[in-house]
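What follows is a set of notes on a single structure, which appears directly below.
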């Protein structure tokens, strides 16, 4: 990534970024930069990023990302129906708290969209992904494109069929983990269109792609077969296989993640899925301790403290209701990790409740860990950040999309908050 580290320290990153926007003449790009860019700037600052990292990451956002976010939602022009968020905002921010005592990591995901996507001039948004990839590989020459090219050929952009399982037009997402001094790139593919046109289950076309991928030998795929067995055993539940994700890092370090949705919404089903029905060799004390913490956060977010684990949440038939998961696989047959995404967008009280619950949970966890009493309250900084940039919290629902949770060694819980920076408020 190009660095602009010569910027004086006393020049604050966001005013600098805002000034740079004066050179952006496209009104759609200006909108995205001065709204989502502002929120991203606040996230980076509150999360403790260095001045240099803040400037470089905002520069990357301005030069690489905003030209590919499509028309602004206030323009009145036809918008591409991106599957990124429920109201089709093509970018989602996330704040990774880790286990609550580490410095947070800010990330975001986008769907590259052309200005004329969805119109007769560009019916299927064909050019944006190709142009975005070309620019990305020029900006990040160390990106491993071998696996990318393999999976892109396995899941080519095809005209979607609304009557098929993929009831949205999105075919590819990109994501960026903003780490100290570097940006990690990820890409997401949707298998639904290929599955539909070839008359195969989504997991079958994913399996074919993984088992033929460079460097992914069959002897290293034991746990992938374990996951397939779990899905097959629950075929009556109709798990919805949404996406497959890939890290664009040197081959041996790359992870594959499969995202799937379960319409069961009781915590008993969550506990079953987190161990793939007992198929994963989860160390008992760590797993039980982590699940207790997950249950506590689940109950606090969703108001289910006095509800039995086998009781479902209130019915919601929305496309993104139910419970979303991903299973993360590595090349060397390590035990995969399962992550649950609590869809607070559909089931929580309001955004203020969500933010305060996260703050309280993380503060309590930090206090319990020896030697962590003086750790900065990143939960409080997160709450302050939301209030200062995205304002409406009390009585409204729509800012938070998911709260992601995964069990970590030692029985700790990793927590990630996902944010729609242009929410459609729902009271």
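Even glycines carry a Cβ here, placed using N, Cα and C.
Taking a C-beta cut-off of under 8 Å and a sequence gap of six or more, residue 92 (L-tryptophan binding site) has these contacts in its own chain: 84, 85, 108, 109, 110, 401, 418, 419, 420, 421. Annotation comment: TrEMBL describes 92 as L-tryptophan binding site.
Annotated dimethylallyl diphosphate binding site per TrEMBL: 107, 186, 188, 255, 257, 259, 341, in sequence order. In sequence order, 174, 175, 176, 177, 245, 246, 247, 248 are the residues of the chain that are 6 or more apart from residue 186 (dimethylallyl diphosphate binding site) and have a CB within less than 8 Å of its CB.
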For dimethylallyl diphosphate: widest Cα to Cα gap among 107, 186, 188, 255, 257, 259, 341 in Å: 19
For residue 107 (dimethylallyl diphosphate binding site), nearby residues of its own chain (Cβ under 8 Å, 6 or more apart in sequence): 93, 94, 96, 175, 176, 177, 178
Sparsest Cβ surroundings (other CB atoms within 10 Å) among the binding-site residues 255, 257: 255
